[in-house]
Amino acid sequence: MLTNTNLFFFLSLLLLSCFLQVSSNGDAEILSRVKKTRLFDPDGNLQDWVITGDNRSPCNWTGITCHIRKGSSLAVTTIDLSGYNISGGFPYGFCRIRTLINITLSQNNLNGTIDSAPLSLCSKLQNLILNQNNFSGKLPEFSPEFRKLRVLELESNLFTGEIPQSYGRLTALQVLNLNGNPLSGIVPAFLGYLTELTRLDLAYISFDPSPIPSTLGNLSNLTDLRLTHSNLVGEIPDSIMNLVLLENLDLAMNSLTGEIPESIGRLESVYQIELYDNRLSGKLPESIGNLTELRNFDVSQNNLTGELPEKIAALQLISFNLNDNFFTGGLPDVVALNPNLVEFKIFNNSFTGTLPRNLGKFSEISEFDVSTNRFSGELPPYLCYRRKLQKIITFSNQLSGEIPESYGDCHSLNYIRMADNKLSGEVPARFWELPLTRLELANNNQLQGSIPPSISKARHLSQLEISANNFSGVIPVKLCDLRDLRVIDLSRNSFLGSIPSCINKLKNLERVEMQENMLDGEIPSSVSSCTELTELNLSNNRLRGGIPPELGDLPVLNYLDLSNNQLTGEIPAELLRLKLNQFNVSDNKLYGKIPSGFQQDIFRPSFLGNPNLCAPNLDPIRPCRSKRETRYILPISILCIVALTGALVWLFIKTKPLFKRKPKRTNKITIFQRVGFTEEDIYPQLTEDNIIGSGGSGLVYRVKLKSGQTLAVKKLWGETGQKTESESVFRSEVETLGRVRHGNIVKLLMCCNGEEFRFLVYEFMENGSLGDVLHSEKEHRAVSPLDWTTRFSIAVGAAQGLSYLHHDSVPPIVHRDVKSNNILLDHEMKPRVADFGLAKPLKREDNDGVSDVSMSCVAGSYGYIAPEYGYTSKVNEKSDVYSFGVVLLELITGKRPNDSSFGENKDIVKFAMEAALCYPSPSAEDGAMNQDSLGNYRDLSKLVDPKMKLSTREYEEIEKVLDVALLCTSSFPINRPTMRKVVELLKEKKSLE
C-alpha cells in the first residue's frame, strides 16, 4: 500500500511525463511535415519519424536529441542526420522548432541554393554543419540576428561567388569551414575581425591570386589555420607568427615567395607546419628549433637552400620532409636520436657526407627516402631495428659497401629502390624472401650472387629490376610463382642457362629485359601466353634455335629485340601481326627471305649481320635469286630496260606541261607501320570530292587505294596565317602517335613533311566519331542508335586508351582535347582515341604520378574544358579525366555537352548532377507534395537517352556509371580519380551485374 509521500511522488512524475510529452508534440509535427515535404529518404533511415498514439514524442527518433529546457520541458535541441543518404533541398522547416540550436546534415545528397529569407528562421542556431553535400549558388547570407552562431561548416559543396561581407559580422563564430568549394574573389581581410575563431579552413578554394591578409594575425584564439591550395601569392605575413595558440599551420600548395619569417619561432604551440609546394627561398630559420611541440614538418617542393641546422634536426618530429629543395651539407647525427621519427623524406637535394649510422635505432621509422643526393659511405644498419620499416629509397647517391644482413630480417619492408649507387658484395639470402612489391638494385652497383629459389616467398612482387650488376647463376624456375610480376629486368649481368618455359604463368608481365647476359637454349614459345607484354629484349645472349612464331600472338608487343644471339631459321611471317615500334634481329644466323611486310627502309638495320637473309631492294641485304632465274637475268633485264625507257618517254610527254607549271616536290616521308602503299598513291586522292571533315588544323580526306584499303588522311593547312599552328599539330601528332601503340589509340601509319603541305595518314574508322553517332541528325546514317552494351564497351575502351597515355607511355601524355568527336569507331564499334594535335608530354615523378605542365593558353573544346583552366595555367592528366567524364555523360544522355535543353548557364555536368538526385521541389517551404511522384531515388528516365531501350539491369548499370562520370567531373582535380582507376571502376560496375 502506497504511503502519502510515495503517492505524491508518483503523481508528480506522471504529471511531469505528460507535460514533457505534450510540449514535444509540436516538434514532432514539424519534423514529420519537413520529412514529407522537403526530404527524400531512399534507405529508410527516418522510417521511425511517425506520429502514433503511443509514439508522439520525437525524442527517440533517429537523429534527434532532446534536452530538458527552462520550465522543465523536454524539447528538441539537435538534429544530426549526417551520412543518411538523404536528398532534397535545405530543410528550413526544422528551424520552426524554437529550441533547436544544432543542425548537422553532412555527407548526404542535399542540393539547391540556400536562400537568406527563409534561412532567417534559423537565427537561433549555434551550430550549422552541412559538409559534403551538393548545395550550390552563392554562399548563404546571415542577418545580424545570427549573433549566437558559433560553428559554420559548409565544406565540399558547390557554392560559388565571393565570401559575403555579412560573415564579418558573425562575431561569436569559433569555426568557419568553407573548404573545397569553387568560390572566387580573395581571402577577405574582414575575417581577421572574427576574434573568437579557433579554426579557419579555406583550403582547396580557387581564389583569385591574392596575398594572405595581415589581419589574420588578429585571430589570437586560432588553433587551426588551413589555406591549402588557395591560390595565395606574396610573402608569409609576419603577423601570422603572433598566433601563439596555433597548433596547425597549413599554407601548402600555393605560390608563396620570399623567406620563411624568423618569427616563426614564436609559434610555441604549433604541432604541424605544412609549407610544401610553394616558391619559398632562403635558409631554414634556426628559430624553428625552438618549436618543441612540433611533430609534422613539411617544407618540400620549394627553393630553400643552405644546410640543415642541427637544432632543427634535433626536434622530436614524426614526419620530416625536406625533399625537392636545394639543401647542401651533411645530415646532423642528432637526427638519428629522435624517438618519434616515422617518415623521413629528404630526396632531390644536394646533401653530402654519410648517413648517420644509428638512423632507425631509436624510432619506428616507416618510410626512408634519401634518393638523388650525394651521400656516400654505407647504408645505416639499424634502419629496421624496430621492425616497422616499409620503404627504403636510396637511389642516385654514391653509397657503397654491402647491403646490411639485418635488412634480410625486415619483414615489414615492401618497397626497395637502391639503384645508381656503388653497392657491392652478395645480397643477403633472406633479402630475396621479403614481402616486397618492388625491388630495384639496378645500374652502377656491383652486387653479386644468384637469385635463390626462395624468391618465390615474395608473392606480391611486381617489379624486379637488378640490371647492370654482377649477378650470376641460372634464372630460378620459382620466379614463375610470382604471379603479380609486371617488370623483370635482369639485363647486363652474367646469368646462365635457359629462360624458364614456365614464364607463361606470369600473365601480368609487361616488360622483360634480359639482354647482355650469357643465356642459352631456345626462346620459350610459351611466352606467347604473356598477353600484356609490351617489351621483350633478349639481345646479346647465346640463344639458339628459331624465333618462335607464337611471338606473333602477343597483342600489345611493340618492342622486340633478339639481336646478337645465335638464332637460326627463317623469320616467321607471324611476326607481321605485331605492331612493332622497335624490331631488331640483327647479328644472328637467320636465313631465307625476309617477310614482305618487313621489306621497308625503316626495318633495314633490323636484319644486318645475317648474311643468309635476302630481300629485294633492301641494300645491303642481298636479293633473293635461284639458279634457274640466273640464266634469264640478262635478256629479261634488257627487255625491262627497253620497256621502262619507253614508258618514261611516254610519261614525260604526257606530263610535260605539269613539270613546267610545278617544281618537283621534295618531301620527307616517315613510315610508322608496315604499309603497302606510297605517298604517290595518296596525292591524287586528295580532292574536294574525298573531303569528309575539316578542323582548325586542316582537312580530312577519305582515300581508297587500288588495293581496296581505305585510309584517313589529314592534310594540314599551309597558309601563312595557319602555318605555325599546323606545324605544332604536325609535330605533336608525330611525336605522340609515332611511338604510341595501343589497341584503343588510332594508328598513325605514315606522315609526309613537304614544302607545299604536310599530311598524316591514319587507319580509317568506318563508323566515324562517337560524336557523329550520338548527335548526328542525318537520317541516312548507316549506324543505328547505340544500345547501352555498345556504349559501355566504348566507354571502357576509350578509358583504356587514355589510361595508357597517362600511366604506361614514357613520358606520360596528356591529350588536352578529349571529346566525343575525337573518339573514333571502327567497323566493330571499337573505340580509338584520336587527334593528338594538342597533346603534351608530362614529366613522370618518382611516386608514379606526373607533374603539372604549364599551358600558354586554354586547350580543349567548349563543354569539355576542366574548371581549373579558369584559374591556373598548370594542368595535368586530371584535365583529361574531367573531359572523359563529360564523354561518359554524353553516352548516358545522348546530349551534347552544351545542349540548349539544359537551360541558360547550365551544361551537361550540372544537368546530370541535378537530374541524378531527382528530388521534389515544392514551391513553398512546407508545401504539399504528391508522394507518388517520388519514384526511385534516381529517376534515370529523365536522364538517359530515350533512344535506348533499357532493361532494369541496364538502368542499374547506368546508375553506377553515372557515379563514375560525376566523380570524373569533380570541380577539383584532386578529387578526380586517375584514368587507371576509372578503368577499374568501370570494369567493377560491369562485373557487379
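Here the Cβ of each residue, glycine as well, is placed from N, Cα and C on the backbone.
Look at Swiss-Prot and you will find 29-632 tagged as topological domain 'Extracellular', backed by sequence analysis. Regional average pLDDT for the topological domain 'Extracellular' (29-632) in the model is 93.
Around the Cβ of ASN60 (N-linked glycosylation site), 9 further Cβ atoms fall within 10 Å across all displayed protein chains. The feature N-linked glycosylation site is assigned by Swiss-Prot to ASN60 (among others).
According to Swiss-Prot, the N-linked glycosylation site annotation covers ASN102 (among others). There are 17 other CB atoms within 10 A of the CB of ASN102 (N-linked glycosylation site), with all protein chains counted.
According to Swiss-Prot, the feature N-linked glycosylation site maps to ASN111 (among others). Neighbour density for ASN111 (N-linked glycosylation site): within 10 A of its CB lie 22 other CB atoms from the protein chains shown.
The Cβ of ASN134 (N-linked glycosylation site) has 18 other Cβ atoms within 10 Å, all protein chains considered. The N-linked glycosylation site annotation in Swiss-Prot covers ASN134 (among others), and the record cites sequence analysis as its basis.
Within the same chain, residues at least 6 positions away in sequence whose Cβ sits under 8 Å from that of ASN218 (N-linked glycosylation site) are GLY192, TYR193, THR195, SER239. The annotation N-linked glycosylation site is assigned in Swiss-Prot to ASN218 (among others) on the grounds of sequence analysis.
For ASN221 (among others), the entry in Swiss-Prot reads N-linked glycosylation site, with the evidence type sequence analysis. Annotation note: ASN221 (N-linked glycosylation site) sits in a coil segment as assigned by DSSP.
Look at Swiss-Prot and you will find ASN290 (among others) tagged as N-linked glycosylation site, backed by sequence analysis. Taken residue by residue with DSSP, ASN290 (N-linked glycosylation site) is part of a helix. The C-beta environment of ASN290 (N-linked glycosylation site), restricted to residues of the same chain at least 6 apart in sequence and closer than 8 Å, consists of GLY265, GLU268, LYS311.
The Cβ of ASN303 (N-linked glycosylation site) lies under 8 Å from the Cβ of ARG279, LEU280, SER281, ASN325, PHE326, each on the same chain and at least six residues away in sequence. Feature annotation from Swiss-Prot assigns N-linked glycosylation site to ASN303 (among others); the stated evidence is sequence analysis.
Each residue of the repeat 'LRR 11' (316-338) gets a DSSP state, and the totals for helix, strand and coil are 5 helix, 7 strand, 11 coil. Sequence annotations record features per position, and here Swiss-Prot assigns repeat 'LRR 11' to 316-338.
Counting every protein chain shown, the number of other Cβ atoms lying within 10 Å of the Cβ of ASN348 (N-linked glycosylation site) is 21. As annotated by Swiss-Prot, N-linked glycosylation site applies to ASN348 (among others), with the evidence given as sequence analysis.
Here Swiss-Prot flags 364-386 as repeat 'LRR 12'. Counting only same-chain residues 6+ beyond the ends of the repeat 'LRR 12' (364-386), those with a CB under 8 A from a CB of the stretch are 323, 331, 336, 341-358, 392-404, 406-407, 409-410, 412-413, 417, 423, 846.
Look at Swiss-Prot and you will find 435-458 tagged as repeat 'LRR 15'. Counting only same-chain residues 6+ beyond the ends of the repeat 'LRR 15' (435-458), those with a CB under 8 A from a CB of the stretch are 395, 403, 411, 413-427, 429, 464-479, 481-482, 484, 489.
Taken residue by residue with DSSP, ASN470 (N-linked glycosylation site) is part of a strand. Shown in sequence order, GLN446, LEU447, GLN448, ASN493, SER494 are the residues of the chain, 6+ apart in sequence, with a C-beta less than 8 angstroms from the C-beta of ASN470 (N-linked glycosylation site). Per Swiss-Prot, the feature N-linked glycosylation site maps to ASN470 (among others).
Helix, strand and coil residue tallies for the repeat 'LRR 18' (508-530), in that order: 5 helix, 4 strand, 14 coil [DSSP]. Among the features that Swiss-Prot reports, repeat 'LRR 18' is placed at 508-530.
Summarising the annotation, Swiss-Prot assigns N-linked glycosylation site to ASN537 (among others). Sequence-distant neighbours of ASN537 (N-linked glycosylation site) (same chain, 6+ apart, CB under 8 A from its CB) are SER491, VAL512, GLU513, MET514, GLN515, TYR559, LEU560, ASP561.
Nearest neighbour of ASN111 (N-linked glycosylation site) by Cα distance, taken over the glycosylation sites ASN134, ASN221, ASN348, ASN584: ASN134. With all protein chains in the displayed structure included, the most crowded Cβ environment within 10 Å among the glycosylation sites ASN221, ASN584 is that of ASN584. For ASN221 (N-linked glycosylation site), the nearest of the glycosylation sites ASN60, ASN134, ASN584 in terms of C-alpha separation is ASN134.
Put simply, of the glycosylation sites ASN60, ASN102, ASN134, ASN584, the one whose Cα is nearest the Cα of ASN348 (N-linked glycosylation site) is ASN584. Across the repeat 'LRR 15' (435-458), DSSP helix (H, G, I), strand (E, B) and coil residues number 5 helix, 7 strand, 12 coil. Among the glycosylation sites ASN60, ASN102, ASN134, none has a Cα sitting within 10 Å of the Cα of ASN584 (N-linked glycosylation site). Broken down by DSSP into helix, strand and coil, the repeat 'LRR 12' (364-386) contains 0 helix, 7 strand, 16 coil.
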